[in-house]
Amino acid sequence: MELLLVIIIGLLYAAGIYMMLRRSLVKLIIGLILLGNGANLLIFLLGKIVKGEPPIIGPSEKMLGEIYADPVPQALILTAIVISFGLQAFAIILIKRAYKVVKTDDLDEMYATDEDL
Amino acid sequence: MSNPYIVLPVIFQLFVAVTLMFSWTNKNLQKLISVVGSLIALLISILLLLKVNQEGIQTMQAGGWIAPFGITFVADTLSALLVLLTAISGLAVSVFSVGSVRNARIRFGYFPILHLLIMGLSGAFLTGDIFNLYVWFEIIIISSFVLITIGGEKAQLEGAIKYVAMNLLASVVFLTAIAILYGLTGSLNMADLSLQVAKVENRGLVNVTAILFLVGFGIKSAVFPLYFWLPASYHTPPPAISAIFGGLLTKVGVYAMLRVFTLIFIPDTFLTAVITIMAMLTIFSGAVGALMQNNIRKVFSYLIICHIGFMLAGLGVYSTLALAGAVFYLVHDIVVKTNLFMISGLIFKFKGTYSMRLLGGFYKEQPLISLLIAISLFSLVGIPPLSGFWGKLLIIQGALDSANILLIGFIVLGSFLTLFIIARLWSEVFWKDPQELPKKEHIKYFNELKPLKKQAMLASVVFLSILSLGIGFGAEWVMRMAMHIAENLMDPSAYIQAVLGT
């Protein structure tokens, strides 16, 4: 399971960075999404994957007895997913607006910021 | 000492932002709420700093979860000082916005977002949890995304794409670093991490994580070779927004570096060498970049990069004196850079252009305002006894102690080039004979504004200029605080004890 995750994470990072290096705006966003997913899986992997019980203390017990899954990485991933969802939604609207105004999705054509005003 | 009120600067900004949303359609009421809210926020942060000065480090454990299990908020002197500076910049920009931001932008929620941005900044300075720091960073960048695009001009959108892409990338790198750090130590609390990271045996992996943090924060704070998004985007939004960006956003990255590289990762020779080389190249490329520019806002953008290099140099030298210099320079830089971008807005309102070639004769037309602007420009250059001088002096002293001659050379070169750039700017904008500029229809010139708007714009510039003079002349007081902060950064045991209570 770990090995599979490691390969997937590596692929996601590589694909994400490759996509970000393209000139197309849409590919830029796809790259960011892939990178974000890679990072989330990385948190999941590094939180130690164990086959255990959920971390719930029963009514008659005082502490966790069995091997349990660490809940913190899951909380982190949930937070990161929600945040990246918001940011990606913004980024997609931004490239749509930029495409309408600039009329190109090629980053090389976007040099209005370098013009001497 | 446990004190639940330390999150008040954060909660209060949220409160102001929500109140502003309820008066969405009434722009005059929004302006009033924003200015009054910023004033109260300033008061709160002054009280916080006084409290921390008197009683030492204050902590707050969210939800009563004992550290390191819950999220901790910590106000030590560095955090409280930066929260105060955020409030000062926030107040100045809020007042400046009253005079300069167009109604169309206010109707799309300019003021609420501004206060959410300030909330994010205060939160980032106060948190003591590395993942919580990530969350505050995201709040900062989503607010800044909205601010940089609000208005939707062509240059704004193009600048925003570069800004958004690089900042999202920085967040992913930061998140990756947090993931590895959690895998190594199983903790997220910064004070606890400080103890746990020291115990990790695999030092190679620790160094890799440190470099990931350096890259993540490096993109945010625009250091060489990761700064290219900054000059492509900071000159595109209205001057009020540029001011809060230029004053505070890159400085959060510097703060995060100061915190992480003194508390969690104690730099070894490899890491200090990397940071020092980055600092030297940042100073050089920022200064040379500024030389080539014609647009005054782009000149200031490159100068931000150049001066980030000074603070990074202080971290690279890694001694009490140099860190105190970096902190002092940070204080000076927040005030002056905020003011510079507001000044560029002021010049634009008079002349209708940012181009140095077209500007001219400003001193002849507006001698008093020119003198006011001169205060900030001279502070930026660091002419003694103005504020820019003392920070640099401390950093150079620290570098001398560690015999880092090359770094001193770059700092002196950077200062000299800054002087040259400002002298050129002064002669082009203020002393050169004025040219006939075509009247632009869509710009409201300064003389056409209502008196209240004129006063608002001038008042905020005067406020920050006086403050920058105050930092220069009251340098001893600031220096003592900076030394205290630097001592605490070099020896974080007080911080750790305050958080973990052991």
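Cβ atoms are placed via backbone N, Cα and C, with glycine included.
The shown structure was predicted, so the numbers you read here are calculated from the model rather than taken from an experiment.
Noted in TrEMBL for the protein shown:
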| type | residues | note |
| --- | --- | --- |
| DOMAIN | B:129-418 | domain 'NADH:quinone oxidoreductase/Mrp antiporter transmembrane' |
| TRANSMEM | B:32-50 | transmembrane segment |
| TRANSMEM | B:70-96 | transmembrane segment |
| TRANSMEM | B:108-127 | transmembrane segment |
| TRANSMEM | B:133-152 | transmembrane segment |
| TRANSMEM | B:164-184 | transmembrane segment |
| TRANSMEM | B:204-228 | transmembrane segment |
| TRANSMEM | B:240-258 | transmembrane segment |
| TRANSMEM | B:270-292 | transmembrane segment |
| TRANSMEM | B:299-321 | transmembrane segment |
| TRANSMEM | B:368-391 | transmembrane segment |
| TRANSMEM | B:403-426 | transmembrane segment |
| TRANSMEM | B:456-475 | transmembrane segment |
Cβ contacts under 8 Å made by the transmembrane segment (B:270-292) with residues that lie 6+ beyond its boundaries: 207, 210-211, 214, 218, 223-225, 227, 231, 261, 298-299, 302-310, 312-313, 315-318, 404, 406-407, 410-411, 413-414, 417-418, 420-421
Whether the transmembrane segment (B:456-475) meets the transmembrane segment (B:368-391): three or more C-beta pairs under 8 angstroms: yes
Top partner of the transmembrane segment (B:403-426) among B:32-50, B:133-152, B:164-184, B:368-391 - counted as Cβ pairs under 8 Å: B:368-391
Whether the transmembrane segment (B:70-96) meets the transmembrane segment (B:240-258): three or more C-beta pairs under 8 angstroms: yes
Maximum Cβ pairs under 8 Å to the transmembrane segment (B:299-321) - stretch from the list B:133-152, B:164-184, B:204-228: B:204-228
Maximum Cβ pairs under 8 Å to the transmembrane segment (B:164-184) - stretch from the list B:108-127, B:133-152, B:204-228, B:240-258, B:368-391: B:204-228
Per Cβ pairs under 8 Å, the stretch of B:32-50, B:108-127, B:368-391 packing most closely against the transmembrane segment (B:240-258): B:108-127
Positions on the same chain near the transmembrane segment (B:368-391), where near means CB under 8 A and six or more residues out: 303, 310, 325-333, 335-336, 339-340, 343, 346-347, 362, 415, 418-419, 422, 425-426, 430, 458, 461-462, 464-465, 468-469, 471-473, 475, 478-479
